[in-house]
């Protein structure tokens, strides 16, 4: 088994990553940053997003696992205080995993060229200055002309992030779907949008045709300048992300811990 360790630059994360490397070497586990079987993310959910994007081309063959150096996150099952227990689970790994849906984003340029990207969390299209105007198509048909600050499209696991702040629903990751939410849409007697989040199944895609070239496309922690882009397509990817599952942490428990806390 080959392990890659991806950590943020916070002092505590660096210390934990060094301890983990020493533990792996002590147990004769190979450290391989190029072709790992398991990628260990040391940090928070943002760090795991960075790890996913680094190894996105190996999505089908690697498993991720998060070691959190703060509070328990949505993508991290282990706390840094549980390092010894985590190491024991890692060295006795037998391939156990759980998989979740990914978002496939296709960017079409004016030249006709298209580029595909994968997102674990979400993709956000925003207009830095002024109003974003874009035609939205669903099921191959024109649905609405959006006017506002932007659009967010999230995976089920990403539904607890920006999507939730936009008033979107929290989706269980067992559902193969994506969700579109509006960011500060303009609704009056002249301009109208649906004004509510949309949940789209895996056999359909969302198509967005912006009316300007001055917008930003962000997916996870990556960014694409919105120059010479004529179309953006969003759908559930045929690929899935795989996490090493050494213990079960219920999704709704994660949601409760993050937003509600314990019920008395």
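Quick reminder: no glycine exception, Cβ is built from N, Cα and C everywhere.
Of the residues proposed, 85, 221, 245, the one Swiss-Prot records at the same NAD(+) site as 45, 46, 121, 122, 147, 149, 184 is 221.
Residue 184 (NAD(+) binding site) sits 26 Å from residue 45 (active site, proton acceptor), counting Cα to Cα. With respect to their backbone Cα atoms, residue 122 (NAD(+) binding site) and residue 45 (active site, proton acceptor) stand 13 Å from each other.
The NAD(+)-binding residues named in the record, 45, 46, 121, 122, 147, 149, 184, 221, extend over a maximum Cα to Cα distance of 31 Å. Around residue 121 (NAD(+) binding site), the same-chain residues at least 6 positions away in sequence with a Cβ under 8 Å from its Cβ are 49, 154, 155, 157, 158, 161, 219, 220. Annotated pair residue 221 (NAD(+) binding site) and residue 45 (active site, proton acceptor), C-alpha to C-alpha distance, rounded: 11 Å. Secondary structure from DSSP puts residue 46 (NAD(+) binding site) in a helix.
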